[in-house]
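J.: Below you'll find the structure I mean.
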Ligand SMILES: N[C@@H](Cc1ccccc1)C(=O)O
């Protein structure tokens, strides 16, 4: 079964009796796009062949005398045979003067002596000129290479690439054309008239061709980073966790003290943490502060409430976890809890391909009777599997607020083992001031590495550049 356009094209061969056409010749009959598309279909059916030849053609782009000829003509008009080089500027511009002098020397058209150009014959013959007059439209092969180069260098010609497309009938195609080709009426769009008149019953209705190439359309979509956040949220909700939030501007008390980080811990230094200029201090809960102070002092650490009150941008979402635990009533402390927080955190880091001063973290905690290290490993495995990482391994690590602590690594084809999250069981020193007796499992995962893996980025900054092309095309 041939498409009506295929028949139209074949009919041109049949009616003209020719079995080969140049593309341009066919354009008399059908639009170029159609010819190209239909030829491909017919080629697929073995009825025609498409031959493509590349040609280089010469185009004259400057139609004026060479500067040396301008000089000769100028002298001839004035019945002169020589001219001072200094005077050339009355006839030619600077560039032309240089070109003319070069050409005169190269071709020996005139003598150059003592600042003068002296012609013997003002009607000199010049093969470059002759070539220039005849060259337009010739293929590169038809022209002397040397002359071609000179004319190109002098800016008088350009080489154009040209494609010659020949469309030829195959033997099979010729055989098909032995019988006349009938083009029956075709309906490409059903109208009310066609339906009422019942014309559609007899006519051929053209099916939709869903494979016709079209311009891509890019509908609005969600930013890749938001997509990851949503995916992780979805997974954790599916695992029975509920979402909690906490402030971005935080006191050192919640961000560090509560997590048993010593007040002189290097992580609290200016170069790691952003401090607020105004206001510099925030409110902290008196009673709890006293309990936390006691724990710190008992462990031979210093504790200054002024430090606790300092305002910073939170450096990790563990601040959210600990705030959640502190919010529990006595009644609630008897129950089990599974919560997570996905949010922005801030560290005073130099920006490079994998570090930004502002990034996303996800933190999850599980508080429950008798939960233990094995449960932690189990949950993390499940979580990472659901994120799409099958091979997972764990190794010991250190965090000031968990004991034991671990780091999870995932295996990525072509990259090897990559560290992806930190986790552990909250230390008794962390839970004691809160009066929580059940163990609390905790883990935190950064989104930078996750995003880089998911979108195959070599530079995390890509994610925030808002390069519209990338945003349109990125999938996953
Ligand atoms: N807060 C840690 C991660 C972590 C969370 C919870 C438990 C252990 C580690 C970090 O930012 O690196």
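Think of each number as a place in line: the chain as shown, counted from 1.
Using N, Cα and C of the backbone, Cβ positions are placed for all residues, glycine too.
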J.: Select one of 340, 346, 401: the residue that TrEMBL places in the L-phenylalanine site alongside 318, 426.
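T.: So, going by the record in TrEMBL, that would be 401.
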J.: Pick from 15-42, 43-70, 71-98: which stretch is listed in TrEMBL under coiled coil?
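T.: TrEMBL lists coiled coil for residues 71-98.
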J.: Looking at the binding-site residues 401, 426, which sits with the largest number of other Cβ atoms within 10 Å of its Cβ?
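T.: That would be 426, with the most Cβ atoms nearby.
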J.: Can you name every residue in this chain, apart from 318, 401, 426, with its Cβ inside 8 Å of the center of the Cβ atoms of the recorded L-phenylalanine site?
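T.: For the L-phenylalanine site the neighbour list reads 259, 260, 321, 322, 399, 400, 402, 424, 427, 430, 440, 442.
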J.: Summarise the model's confidence over the domain 'Aminoacyl-transfer RNA synthetases class-II family profile' (226-453) as a mean pLDDT value.
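T.: Summarising the domain 'Aminoacyl-transfer RNA synthetases class-II family profile' (226-453) by its mean pLDDT gives 95.
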J.: How many other Cβ atoms sit within 10 Å of the Cβ of residue 318 (L-phenylalanine binding site)?
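T.: The answer is 29.
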J.: Out of 318, 401, 403, 426, which binding-site residues lie by ligand 1, with a C-beta less than 6 Å from some atom of it?
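T.: Within range of ligand 1: 318.
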